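Novice: My questions will all concern the structure given below.
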Amino acid sequence: MASTSSSRASSSSSSSSTPSIPRTITYDVFLSFRGEDTRFNFTDHLYSALGRRGIRTFRDDKLRRGEAIAPELLKAIEESRSSVIVFSENYARSRWCLDELVKIMECHKDKKDPGHAVFPIFYHVDPSHVRKQEGSFGEAFAGYGENLKDKIPRWRTALTEAANLSGWPLQDGYESNQIKEITDSIFRRLKCKRLDAGANLVGIDSHVKEMIWRLHMESSDVRMVGMYGVGGIGKTTIAKVIYNELSREFEYMSFLENIREKFNTQGVSPLQNQLLDDILKGEGSQNINSVAHGASMIKDILSSKIVFIVLDDVDDQSQLEYLLRHREWLGEGSRVIITTRNKHVLDVQKVDDLYEVKGLNFEEACELFSLYAFEQNLPKSDYRNLSHRVVGYCQGLPLALKVLGCLLLKKTIPEWESELRKLDREPEAEILSVLKRSYDGLGRTEKSIFLDVACFFKGEDRDFVSKILDACDFHAEIGIKNLNDKCLITLQYNRIRMHDLIQQMGWEIVREKFPDEPNKWSRLWDTCDFERALTAYKGIKRVETISLDLSKLKRVCSNSNAFAKMTRLRLLKVQSSLDIDFEPEYIDADDKVELYDVVMKNASKMRLGRGFKFPSYELRYLRWDGYPLDFLPSNFDGGKLVELHLKCSNIKQLRLGNKDLEMLKVIDLSYSRKLSQMSEFSSMPNLERLFLRGCVSLIDIHPSVGNMKKLTTLSLKSCKKLKNLPDSIGDLESLEILDLAYCSKFEKFPEKGGNMKSLTELDLQNTAIKDLPDSIGDLESLKYLDLSDCSKFEKFPEKGGNMKSLRELDLRNTAIKDLPDSIRDLESLERLYLSYCSKFEKFPEKGGNMKSLMELDLQNTAIKDLPDSIGDLESLKYLDLSNCSKFEKFPEKGGNMKSLTELFLENTAIKDLPDSIGDLESLVSLNLSDCSKFEKFPEKGGNMKSLNWLYLNNTAIKDLPDSIGDLESLMRLYLSNSSKFEKLPEKVGNMKSLELLDLRNTAIKDLPDSIGDLEPLEKLSLSNCPKFEVLPLSLKAIDAHLCTSKEDLSRLLWLCHRNWLKSTTEEFDRWQLSAFIPESSGIPEWITYQNLGSEVTEKLPINWCEDPDFPGFVLSCLYRPSDYSSAYNFCHDFKCELNLHGNGFTFTDECSHSCWCDCHVNFKDSRDLVCVYWYPKTAIPEEDHHKYTHINASFTHRFEGHPFFCEDIKKIKCGINVIFLGDQRNHMPMLEHPQNSGDNGSALQDANGNVHGANQDDEHYHIPTLGLLGNFHDNGSAVLEDTLGNRKRRRDDSLPDVVEEPHYKKIGSHPTPISCFELHHQYQSEQNHMW
């Protein structure tokens, strides 16, 4: 434990005397040591061991310089209960250490506040040398001068006194054993009020902080906090750590452990005695005559004191009745923690706050397991996959991780594999016994619900489960709540979840009496057990639920008679490999056929003869995917059936017997291709949902369908032969959803369909319907009407305007030409889609009356203009007129749409915009791309204060008005392919939010000086601008592909990188530098560590983490794409996994680089690519630096948009280099300055036009990235990125003929610059847009 909390003064208004306030104790141990001797070996290991025992230890990790000891160290010594002094060879050479020692011994001898213990450790030194200041200690004192004559006597006295104390002389032997002995001894001597929370307290700090926060230690009120969770999750351990953490703040404390067990075996009296004894500290205890007398004593004594009490493992309210009935029993300022598996106990107790303890995350679980299985904090490499299997099996349960870790310690890989196979069938007894306690406390019905969930319902919707269990008379609502309160299940998004180990416990309970006779079990869930049960001579008589996955059947099952004896069967689920959903529209017809074939192939494994029978009179739920017979069994009795699911079955006609099916709520026969007709529906009056999707042979629906007064959903989607519905459909007074989509022969909606007063959704998309009856207007509850892709639908009914509740009307891709005036009466309409209605020419004049309309999609229509009334659409947010090639003029009153946020005019015939466009105060995105006639952006366009995105790509625009600078919220400005665009206004520098400026393929020649004022600007694209003469240096990204500028790009790169390396630590943390270099000659020799293939591992330099001149690593990989990858312009996604490890610790991170650059497509002779990453040291947690000794880099690559990693991308070679600043340690070849002036020269020009030579800056920075980039031979043009200065340079400014600089600053030895270079922000979401 390393967490601390501030002290709190205790007070009580009801106490007869105010309790004394002890000195503030923040740490258990202050660790004094000589850093250069032991910091990274013995002391570090000792510090970690103390932490694992829950001993709060202060260690000064700073490399301090100076004469006086820091005040925070003196304070830390005073606030520590003890000190551990590591006397090493050079300890006395540090005046700082000696001052610490003097302070420590003063605290040790302080009579006013005794108790500061001192534990000396003599690390490879003779204790007598310390005591007498001889040997290295004598030599140290001999070197001190007269100026220290006042301190030397105190130093000597402190050394002598400390050396006279009992300690540990360490000379030879295993340090791990010695450290264990020391930590155990310190723990025993410090424990006092402290409890042993155990070793290896991984992941506990966050729980402790959460609980302490909930205790509100600063408050003077009484607070009770409940902590609940499944058994073995660590509640008791957390409570002990909190108890130890807060022990210094309370004079009166008690920890009552394992109350449930003690209460059940001994009663409450011993617990009352222990509580009083703890509070009174063994003094003045009185005999308790009865439980009631004990309760009275507790109330009288506690009410006058400020106490801290932990009541551990309470599982029933009766256990609190006579221990702590009410908060009024406690003095003000008291704190109580109650741990339990039963959340209901906490609700009844009315605690102030609740905290649910969740399992460890994967990394924490892996560490905890490794500490027990390998006695280190990560798995051994050979055991990594097996370890991950165990960690996955335990699902973050600390108890299971500890038990299995101990079980597998020092076992071989074959032994591990054997144990894991055993665990699949037989849970470890110690884990099982802990988890089973919660089950043992359940009632009979709750136990049945629990086993049903474990064996059948896990992961299902709560409402569905409740409905089925209620039909079994199990009182599901209260039962599920109790299981949730007792942490046996959890509810997430209304689904019932269960920990895998708890589920396995449920399975074990079912198997308990007859472990090897599955035919006698009450529930079957495993395919192998089902196969064994079918072969049993006496059949399966006791089974209540069967859940069977057909894909896991190893052989064909043909014992049809086995079902005949299942007289208790309540729940039957025979499913395919997946719960296949044929509905998503992205699944094409061929794939749906393939999915159907998968179901039928699996279904064929269960062969049923024509004489198949089973007594179904107890059956509540039946699901059988691919049911193989034409009819249900002749003796089928569905009298208690609630849901019937026969997807993909061979059923031709559904016959459910002669009984009334009053309990039946759901029938799903979807994709039963042979189903041609349904029997009468009169016998199922309470049916609520009927699914007949994909029943391609179904011709009609029986007229009795109108008798189902409670039917809410009727899905007939993709019933290809269905032509119409009976008029009785209008009698479905409760119907809410009617789905007829993709019924390709359905031509006419019934006239009486308007009687369905509850209908809210009507889906007719992709049908043969031509029109709708006027009665459609009577659907007063209809909210959603979809007629999209009805190619024959020509006219929307006049009375359609009566649908007052309609919110969405989808008429996309229909033959509709116009809309009736009554459309204005759709007062609730929010979304109107008319896109791809190629005959639609005119929006109704009175359409502006639709005050609720928020989205209007008119793209790809024949519309020419919009009426002025469009401005009256006060709620409109989205207007799309894209690809309306005849649309020429935006209405003047369009500026009245005050809510409009997105306006798409892409590829229209529009020439200009009215000035009123500036009145669109809410507009966020304006798209005018591909408007080839658009020439002038309106002067008042600068009034759109909310505009973030402006697309002017491929327009005829020549310039922008000065008012563009007033777009203070604009973040993206796209002008690419506007070939006439020549100049940006000077006021563009006022756009303080601009992040991206795309000027590709324009006629622009230069940028205004104000471009340097755009601080947020991160990307500038200037590729293929043949007239461009100036490059700025104020950006994070520049795309200069195919520019004709003869800039010295190497010099530019050096300036960019120098500025970047000079940036703050915070900036290093936020940015990741990477480069993509096509047409490369390979990884240069100065990258020290290289290896063939995609992975490289090397040892780190000694003390790498302490060197202030070491900023990070260069990681590089040489790729060779295949012909396939070079033929297509996919986005290349390069990744590097970085792994630092050593001393049993590991750190992993990932670098990535995505590039749309298509340079590689055009390279004919060589296509090798190099990806380079610059990884800063500051990205590695500083407190862990010293732990790592090796670095490993692993490289991968794929094409973005492809679902697979490309195996044909070869990783030829990779490398790592450790880089330094300010010296010559790397000795890497750097770029040289060009020897010629003129066009090959370079200079800098600042914002005022002053020219600076290339030797202007003489700061000594060693730029390894430039060396790396400059040593690749490249033939392409350039992409430059990451510049931080606000300067620009001209191509025609030359350098002096002779410029001599230090060799570590020389730049430009190669005649051709790099081809692509990019600086990536780790959080940038649209890095690819400008490509």
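Note that Cβ sites are derived from N, Cα and C of the backbone, with glycine treated the same way.
According to Swiss-Prot, the protein carries these features:
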REGION    1-20  region 'Disordered'
BINDING   R34, G35, E36, D37, T38, R39, G66  NAD(+) binding site
ACT_SITE  E100  active site
DOMAIN    206-434  domain 'NB-ARC'
REPEAT    429-452  repeat 'LRR 1'
REPEAT    540-565  repeat 'LRR 3'
REPEAT    616-638  repeat 'LRR 4'
REPEAT    648-673  repeat 'LRR 5'
REPEAT    684-708  repeat 'LRR 6'
REPEAT    757-779  repeat 'LRR 9'
REPEAT    781-803  repeat 'LRR 10'
REPEAT    804-826  repeat 'LRR 11'
REPEAT    875-897  repeat 'LRR 14'
REPEAT    898-920  repeat 'LRR 15'
REPEAT    992-1014  repeat 'LRR 19'
REPEAT    1017-1040  repeat 'LRR 20'
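Explain the structural surroundings of these features, please.
Specialist: DSSP gives T38 (NAD(+) binding site) a helix state. Cβ neighbour count for T38 (NAD(+) binding site): 21 (other Cβ atoms within 10 Å of its Cβ, all protein chains included).
Long-range Cβ contacts of E100 (active site) within its own chain (separation 6+, distance under 8 Å): S32, I69, L73, I77.
For the repeat 'LRR 1' (429-452), the mean pLDDT of the prediction comes to 92.
Residues of the same chain lying 6 or more positions beyond the ends of the repeat 'LRR 4' (616-638) and with a Cβ under 8 Å from any Cβ of it are 468, 471-472, 550, 567-576, 580, 599-600, 602-604, 606-608, 610, 644-657, 659, 661, 663-664, 674.
Residues 582-583, 592, 656, 660-678, 714-732, 739 of the same chain lie 6+ residues outside the repeat 'LRR 6' (684-708) yet bring a C-beta within less than 8 angstroms of a C-beta in it.
Among residues of the same chain six or more beyond the repeat 'LRR 9' (757-779), those with a C-beta under 8 A of the stretch's C-beta atoms are 712, 717, 733-751, 785-790, 792-803, 805, 810.
Within the same chain, residues 760, 765, 780-798, 832-837, 839-850, 852, 857 sit at least 6 positions outside the repeat 'LRR 11' (804-826) and bring their C-beta atoms closer than 8 Å to a C-beta of that stretch.
Across the repeat 'LRR 14' (875-897), DSSP classifies residues as 5 helix, 3 strand, 15 coil.
Same-chain residues lying 6 or more positions outside the repeat 'LRR 15' (898-920) and placing a CB less than 8 Å from one of its CB atoms are 854, 859, 874-892, 926-931, 933-944, 946, 951.
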Novice: Within 10 Å of its Cβ, which one of these binding-site residues (E36, D37) has the largest number of other Cβ atoms?
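Specialist: That would be D37, with the most Cβ atoms nearby.
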Novice: Can you name the far-off residues of the same chain, 6+ from the ends of the repeat 'LRR 5' (648-673), with a Cβ under 8 Å from a Cβ of it?
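Specialist: Here the qualifying positions are 467, 471, 576, 582, 596, 599-600, 603, 620, 624-632, 636-642, 679, 683-697, 715.
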Novice: What is the number of other Cβ atoms found within 10 Å of the Cβ of R39 (NAD(+) binding site)?
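Specialist: A 10 Å sphere around the Cβ of R39 (NAD(+) binding site) contains 19 other Cβ atoms.
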Novice: In the same chain, which residue numbers or ranges, 6 or more beyond the ends of the repeat 'LRR 14' (875-897), come under 8 angstroms Cβ to Cβ?
Specialist: 830, 835, 851-869, 903-911, 913-920, 922, 927
Novice: Looking only at the repeat 'LRR 9' (757-779), what are its DSSP counts of helix, strand and coil residues?
Specialist: 5 helix, 3 strand, 15 coil
Novice: Near the Cβ of G35 (NAD(+) binding site), how many other Cβ atoms are there if near means within 10 Å?
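Specialist: Taking every protein chain into account, the count is 18.
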Novice: So how many other Cβ atoms are close to R34 (NAD(+) binding site), meaning within 10 Å of its Cβ?
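Specialist: By my count, 20.
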